[in-house]
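Okay, handing you the structure first.
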Amino acid sequence: MKLAIIGGGPSAFYVASRLHKLLPQTLDYRIHLFDRLWSPHGLVRYGVAPDHPEVKNCTHKFDEAALDRRLRFFGNVNVGDNPSPLQHTVKLPLSSIFSNYSHVVFATGCTLPKRHSELPPSASCTSALSMVHWYTQHPNAPSPPPLDKISHVSLIGNGNVSLDVARMLLTNVDVLRKYDVPERVLDVLAESTVKHVSIVGRRGPLEAAFTMKELREMINLPDASMVPLAPELLQPSEGVPLTRQQTRVLQLLSKGSKNTFGTTAKTWSLDFYRSPAGLMVPSSENTRSQLSLAHTVVDPATQRAVPTGETSTVATDLVVTSLGFHGEPTAPYFDPGLGHLRTLSNRIVTNAGTTLRNVYGSGWASTGAHGVLAATMMNAYDVAETIVNDRMNPVEGTEAVLNPDPSLEELPEEVVHGVRERNIVEYPDWKRIDEEEMRRGQVRARLLLGLSAHKTHFQRFFIGV
């Protein structure tokens, strides 16, 4: 078996790790991971909030999988026939993959933000993904947001990514310095004049997309406070049974933030039952954008938000949409109705409805962008088991598009050339960079500890005087 995994994020590494355990030790196989980014680990490196370092512990498992001699990682490689959003990548046509491998897994994720029809991108409106790419310094990172010129931010959507962005904007820079935040990002945040973050959701607290962990972190922000919610918003309809999580959410919101509203310079609010209806950009008459919001209620039959006919307007400086993600429409086997690749029982299905033999989808590329990292892991393990089962009991009626008997040692000629020209990053190269990043982080930590000690010394000195 010679497997190509297109994508080098968590799903790809979880599939590889599981196959190492499931495949017979006597089987001589190869697993090659390709990613258009130069570094592995995908969203773990360029999506997880910097103040959630514990989430990144899974990289130890990925390192363990990569140590196996049968696995190789090739970064800075764009697989497919469409232009890469990163100009410097090595192009690897899909035909080259199909002719060189007996098995293929698409683990390409969902890399594009969903847009709101009433909120086209502008200087006053950006996506949460752009904000995340900025503060994690993704290779596609946009220019820094003008945080030194604004005071009010409106986040559309109340999922975990939305709360991540809010937390980054409301947390003191001295707190963020403890985490894996690039210096250039800290410099911008240090000059921020943001005073309020409004988190807008079209439904109510019972339907909110955030997790308890994320909400609790917002509630406990050390330098910000929450605008209290109207008591009637926290009263469930009579006869409606609540889940344990819903009960805890209502209890937490009833208590309010750790800091009493009005005692902090920075504030935030959860604006439930509101849906964007339009955005007027600044003009000579209005120096701030005007965000129109339709008021909504939840239809008990469909659980969908429906407008009441009432509207309101909020003066804001920056609108950030956080409405989820979808796959790339130009990707092979993309289903525009689903927003991701078309699969059936983990196997890729063509537009004609034909199942491809030994071609699979894993993670968000297959399921869509939902669930936390643990859900991605379980899905990847299931994909690995499907691969092993199909090897033992081939599925009938599938279309063969791969090479059934490729050379285990040969690489596609594009990859051979890229490695020779040092345009491709392999896992040992990445580990050297990772070790240098860690070393620099340790130096910076010692410097910050030293400065903190000096500050404490002088404070004690002046108190004594």
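Every residue, even glycine, has its Cβ placed from backbone N, Cα and C.
Pulled the feature table from TrEMBL, pasting it below:
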| type | residues | note |
| --- | --- | --- |
| BINDING | Ser11, Leu43, Val79, Trp364 | FAD binding site |
| BINDING | Asn158, Gly159, Asn160, Val161, Arg202, Arg203, Glu214, Gly371 | NADP(+) binding site |
Among Asn158, Gly159, Asn160, Val161, Arg202, Arg203, Glu214, Gly371, which the record lists as binding NADP(+), how far apart in Å are the two most distant Cα atoms?
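Of all Cα pairs among the recorded NADP(+) binders, the widest measures 20 Å.
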If one measures from the C-alpha of Val79 (FAD binding site) to the C-alpha of Asn160 (NADP(+) binding site), what distance in angstrom results, rounded to a whole number?
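Computed Cα spacing between Val79 (FAD binding site) and Asn160 (NADP(+) binding site) is 30 Å.
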If you count Cβ atoms within 10 Å of each one, which of the binding-site residues Leu43, Val79 comes out on top?
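Result for the most crowded candidate: Val79.
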Could you measure between Arg203 (NADP(+) binding site) and Trp364 (FAD binding site) for me? Cα positions, answer in whole angstrom.
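Rounded to a whole number, the Cα-Cα distance is 25 Å.
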Within 10 Å of Gly371 (NADP(+) binding site) by C-alpha distance: pick out those among the binding-site residues Ser11, Leu43, Trp364, and say none if nothing qualifies.
Trp364
Rounded to a whole number, what is the top Cα to Cα distance in Å among the residues the record ties to FAD, namely Ser11, Leu43, Val79, Trp364?
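Taking every pair of listed residues, the largest Cα separation comes to 18 Å.
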Most Cβ neighbours within 10 Å: which of the binding-site residues Arg202, Arg203 is it?
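Most Cβ neighbours within 10 Å: Arg202.
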Once near-sequence residues are set aside, which residues in the chain of Val161 (NADP(+) binding site), 6 or more away, have Cβ atoms under 8 Å from its Cβ?
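Once residues fewer than 6 apart are set aside, Val161 (NADP(+) binding site) is near Ala128, Leu129, Val132, Ser322.
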Look at each of the binding-site residues, Ser11, Asn158, Asn160, and point out the one with the fewest other Cβ atoms around it within 10 Å.
Asn160
Spatially, which candidate from the binding-site residues Ser11, Leu43, Trp364 is nearest to Glu214 (NADP(+) binding site), comparing Cα atoms?
Leu43
Name the one residue among Asn158, Gly159, Arg202 whose Cα is closest in three-dimensional space to that of Ser11 (FAD binding site); these are the binding-site residues.
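Result for Ser11 (FAD binding site): the nearest of the binding-site residues is Gly159.
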Under 8 Å between C-beta atoms and at least six apart in sequence, can you list the same-chain neighbours of Gly159 (NADP(+) binding site), or say none if there are none?
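Residues satisfying the criterion: Ala209, Phe210, Ser322, Gly324.
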Name the one residue among Asn158, Asn160, Arg202 whose Cα is closest in three-dimensional space to that of Trp364 (FAD binding site); these are the binding-site residues.
Asn160
Compare the C-alpha of Leu43 (FAD binding site) with the C-alpha of each of the binding-site residues Asn158, Asn160, Arg202, and give the closest one.
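That would be Asn160, nearest by Cα distance.
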